[in-house]
Amino acid sequence: MSLGVRADWTGLFARGMAPVTLTLCLGEGVYAFNSFLVSTAMPSAVRELGGIHFIGWTATLYLVAAIVTGSAAGFLKQRFGARPLLSAAALVFLAGTVAAGGAPSMAVVLVGRTLQGAGEGAIAAACYALVAELYPQRMVPKAFGLLAVVWALAAFGGPALAGALTEAVSWRAAFLVNIPVIAVFLVLVPRALPATSSRAGTGPPSGKSVPMGRLAGIAGGIMLIAVASVAGPAWLAAALVGLGFLTLAAVFAADRRAPGRLFPGDAFAVRTVVGAGLWVVFLMPLGQATTSVYLPISVQSLWGYTPTAAGALVAVMALSWSGTAVLTANFTEARARRLFIRLGPVLLAAGLAGTAVALPAEWPVLLVPCQVLIGSGFGVGWGFLNQAITEAAQPGEADRAAGLVPTTQSAGYAIGAAIAGCVANLTGYADALMAPGGVPLDAWIFTIGALFAAAAAVISLRAGLVGGGAQNNDSYQRPFFMAAGMGPYRMTAVNPGATFTQQLAAVKLRPSTPHVHNNEAQSGGTRPVIRATLDWRRGNGGVDGSRVRRVRQADHGQRHRHPHGLSVRQRDRRAHRCRAGARGHGQPGNREPDTRGFAPLGR
């Protein structure tokens, strides 16, 4: 069974695509770098400026601001365009960088970090939304794979660079090094990106204002969960986490009813490809955040690892992520993409479970393969997951769906870190680490992370996520028939459906022969368009005829006749007879549907 390997990465840099690729990689890399640089740069900053109690907020405020602006990025891109959005966001990030790098006090550092997050959140979300818009479909998996590589290298190699700059120059250099990078980004944006979007006209009306209330609700929900990690009593921490999730759920519910939505209509609806995919994007970082926060300090406390050795252990995960992302992006068949999407959470759960065993058992040698599993869990299918979410989005919602991916990923890390802090405090893990020679009696914190990853695996299996769009989906290539015999029509998919059993929803039937009705030729009208909602039955290819619906679009109110002489009423009668046969799905004793005149679905 061929998995369709195609190792051609040159397309990302061919025929004028190099500036586009460089622009998107810079936007994603700067975002990841600044998300994690605080782990090595901020300890020196607080020693100089004071404010040790606010050190955690330098990361929290950055991520919260990034999540808020990332949530609005799809809305803003459709309203103002990619060029203005990216340029404005880069200027906001630049202002935050200058403020943080030259801060005279910790309060100014916090303001600068908030501005940095606000700028980079919009940049990262817009860059993801541009991938499916700017690259040909065959290059989309590789483009997402490249962004995953950049994210991994910047996120987990960035702290090492920031630490080196802090030791060699100053902690301020770790912030100010962003200035030349973002300057190059500002120069590239107007030169690399097209002036007009291929999705122009799909956004909200120009009169719609930015939904500040929902954005404030997102910020409030994330902040409540973040505060829970330092709340103190267990009941208060649990109450804050629950209230935070309820706030976020209320925001999503309100967004679905709003005329100008921030999110896709099926965001986090587990029965849809987009919704289930976003749950996987959220749960995987949620589980992995436990190792990002507590693995380095655990190995230093338990076994006396140096900061460099602990950083090298984290780098194993980053290299595994990057390597597997490059390898798997070469696979083109939908079967392979489905396999890799489903395999990723399983590998992550195995790596986290192994970590939960290795630390209490004092088996440091086991941590290296566990880090390889964790990194491979992300690298093996992350790009395909992004592609599946983008291509399964409803018409006009591709920008929102793609932009929500990095935003959801950041939310997973932020909430995961907060939950990890709560668990560590409640179980005594944090106190044991800080005690001289302290060895935790258990590692529940990593076990809970493995459970989150296992939940992502279950969702990816049950939802039938496919790593590709409608045109690459195996189900769309199989011959099938319509439960109606209405002449020479062929079926053309116009929008992928939600779940595996509904991937043929919103199918448009068009004439397969070039007949032109006389009165249509005179008036410029169109022949009636027949739409059918199909229920693909795996194994027998049956069609639920009771769900077939027909929408007639007559020109000037005329009731056109079929070129072969069938009127609308005659076609209705034929469809009724065929529906009666289709209910049996080909079983003995039932009428077979009339399939004459229908061509199988093509590309």
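Note that Cβ sites are derived from N, Cα and C of the backbone, with glycine treated the same way.
Note: TrEMBL annotation is automatic and uncurated.
If you check TrEMBL, you get these features:
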TRANSMEM  12-34  transmembrane segment
DOMAIN    20-468  domain 'Major facilitator superfamily (MFS) profile'
TRANSMEM  54-76  transmembrane segment
TRANSMEM  88-111  transmembrane segment
TRANSMEM  143-165  transmembrane segment
TRANSMEM  171-189  transmembrane segment
TRANSMEM  210-228  transmembrane segment
TRANSMEM  267-287  transmembrane segment
TRANSMEM  307-327  transmembrane segment
TRANSMEM  339-359  transmembrane segment
TRANSMEM  443-465  transmembrane segment
REGION    536-603  region 'Disordered'
COMPBIAS  571-582  compositional bias 'Basic residues'
Contacting positions for the transmembrane segment (210-228) when only residues 6+ beyond its ends and CB under 8 Å are counted: 60, 63-65, 67-68, 71-72, 75-76, 236-238, 240-241, 243-248, 250-251, 254-255, 258, 260, 262, 411, 414-415, 418-419, 421-422
Residues from the same chain, set at least six apart from the ends of the transmembrane segment (267-287), whose C-beta lies under 8 A from its own: 252, 255, 341, 344-345, 348-349, 352, 377-378, 385, 388-389, 392-394, 400-401, 404-405, 408-413, 415-416, 419, 448-453, 455-456, 459-460, 462-466, 496-499
Remote residues contacting the transmembrane segment (307-327) - C-beta distance under 8 A, at least 6 residues beyond either end: 145-146, 148-149, 152-153, 155-157, 159-160, 163, 291-292, 295-297, 299-300, 367-368, 371-376, 378-380, 382-383
